[in-house]
Amino acid sequence: MKNRLVIIVFMVVTMLCASLALPLEEKEDEKDEKRSLEVAGAVMEGANLGMSVLQTILQAIGDVSRKIAVGVDNESGRSWTAQNAYFRSGTSDVILPHTVPSGKALLYDGQKNRGPVATGVVGVITYTMGDGNTLAVMFSVPYDYNWYSNWWNVKIYHGKVRASQKMYEDLYYYRSPFKGDNGWHERNLGYGLKSKGFMNSSGAALLQIKVMKA
């Protein structure tokens, strides 16, 4: 009888411990999922994209004098598929998120080349949209702020076009780029879409863009 009572008490205690541990495990899983979403190369809910997420990406890059965190929210109503990233200067250790459904945001980063080199981080990323056209995002974080400033641009190209030096020059010199002036800027992109974006003026640059229906 005594042994049976001990077994029953042990089973009750075990069940109570398990019931308490489950919510804790679920909370830890939620924390891990949230942390995993706030890294470059990931896709997250577009509504949750904000400067705090981009700051987390910058911190993960570490102590680099020229770096950028990019977040692009897809509210276009169509899914996007990654094409490529082109860097005129600088680099990234991150692969572009392959698929960005509507309602989601892609996260990406870039940094100057390692070592004592006088370069910034300048490049273009491209995505094929559901209608077959190409969304291009250009960013420029210079090394020398005595001569240059932060700039960014977003444009839709007809058909499938890969990011390249030619595309960079088009977006930087000829397509009315926006200065990284710590302010928001809007533009009609055509094809039934418009954009709204922000870039700061720092060497630790934040670029947040939302592409939505016009």
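A Cβ is built for glycine as well, from the same backbone N, Cα and C atoms used for every other residue.
Keep in mind that what you see is a predicted model, and the values were worked out from it rather than measured.
Under the DSSP three-state reduction, V122 (phosphocholine binding site) is assigned to strand. Long-range C-beta contacts of V122 (phosphocholine binding site), restricted to its own chain and to partners at least six residues apart, with a cutoff below 8 Å, comprise F87, R88, S89, G90, F139, S140, V141, P142, Y168. Positions annotated as phosphocholine binding site by Swiss-Prot, on the basis of similarity to another entry: S89, V122, S140, P142, Y168, Y172, Y173.
Per Swiss-Prot, the feature region 'Plays an important role in the hemolytic activity' maps to 38-47; the stated evidence is similarity to another entry. Same-chain neighbours of the region 'Plays an important role in the hemolytic activity' (38-47): 53, 56-57, 60, 69-70, 73-75, 92, 94-97, 99-101, 103-109, 210, counting only residues six or more beyond its ends whose CB sits under 8 Å from a CB of the stretch.
The region 'N-terminal region' feature in Swiss-Prot is assigned to 46-65; the stated evidence is similarity to another entry.
Look at Swiss-Prot and you will find 140-155 tagged as region 'Trp-rich region, which is important for the binding to lipid membrane'. If one looks beyond the region 'Trp-rich region, which is important for the binding to lipid membrane' (140-155) by at least 6 residues along the same chain, the residues whose Cβ comes under 8 Å of a Cβ in the stretch are 65-68, 90, 110, 112, 118-122, 171-172, 175-180, 187, 189, 195, 197, 199-203, 205, 207, 209, 211.
The signal peptide feature in Swiss-Prot is assigned to 1-21; the stated evidence is sequence analysis.
Taken from Swiss-Prot, the feature site 'Important in the initial contact with the lipid membrane' applies to Y148. Residue environment of Y148 (site 'Important in the initial contact with the lipid membrane') contains 13 other Cβ atoms, counted within 10 Å of its Cβ in all protein chains. Y148 (site 'Important in the initial contact with the lipid membrane') carries neither a helix nor a strand DSSP state and counts as coil.
Of all the Cβ atoms in the protein chains shown, 9 others lie within 10 Å of the Cβ of Y173 (phosphocholine binding site). Between Y172 (phosphocholine binding site) and Y148 (site 'Important in the initial contact with the lipid membrane'), the C-alpha separation comes to 12 Å.
A mean pLDDT of 92 is what the model gives for the region 'Plays an important role in the hemolytic activity' (38-47). Classification of Y173 (phosphocholine binding site) by DSSP places it within a helix.
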